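A.B. asks: Pasting the relevant annotations from Swiss-Prot:
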ACT_SITE  SER25  active site, schiff-base intermediate with substrate
MOD_RES   SER25  pyruvic acid (Ser)
BINDING   THR57, GLY73, ALA74, ALA75  substrate binding site
ACT_SITE  TYR58  active site, proton donor
Amino acid sequence: MKKTMLTGKLHQARVTHAELNYEGSCAIDQDLLEQAGILEYEQIEIYNIENGARFSTYAITGERGSKMISVNGAAARLAAVGDRVIICTYASLNAAEIVNHKPSLVYLDAQNNIVRTSKDVPVQVA
């Protein structure tokens, strides 16, 4: 049996552009894509912290070093410039793959600079 597991995450990314008339997708700074292990044209899930919207699209490469997070096409109706979003990727893994699996977690500041990276989500305490 396969389980769907988190593989990459950009946490609290800030939307820098919302381009309604662009073809679709989400353009992400190439440095951020690489740190999170997200591939160009890979399906991504975007969770908007500001309004609760959750939607799927695909990643395209944004200019390296630009700190760009550009939500494009119809999805631009679900995110505004300045919104904090969480961008995730997932994969279906079998039991043997899950044993050693660790996601690539990238935590960002308000300017989309990398604050830290991790392979583990901290334990939530009461």
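Each residue, glycine too, has its Cβ placed from N, Cα and C.
Could you give the neighbours, burial and distances for every feature on this list?
C.D. replies: Cβ environment of SER25 (active site, schiff-base intermediate with substrate): THR57, TYR58, ALA59, ILE60, ASN72, GLY73 lie under 8 Å away, each six or more residues apart in the same chain.
Every protein chain considered, the tally of other Cβ atoms within 10 Å of the Cβ of ALA75 (substrate binding site) stands at 21. Taken residue by residue with DSSP, ALA75 (substrate binding site) is part of a helix.
Classification of TYR58 (active site, proton donor) by DSSP places it within a strand.
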A.B. asks: For the substrate site (THR57, GLY73, ALA74, ALA75), what does the 8 A shell look like? I mean other same-chain residues with CB within 8 A of the CB centroid.
C.D. replies: GLY24, SER25, CYS26, PHE55, VAL71, ASN72, ALA76, ARG77, LEU78
A.B. asks: Please report the three-state DSSP label of SER25 (active site, schiff-base intermediate with substrate).
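C.D. replies: Where SER25 (active site, schiff-base intermediate with substrate) sits, the three-state DSSP reduction gives coil.
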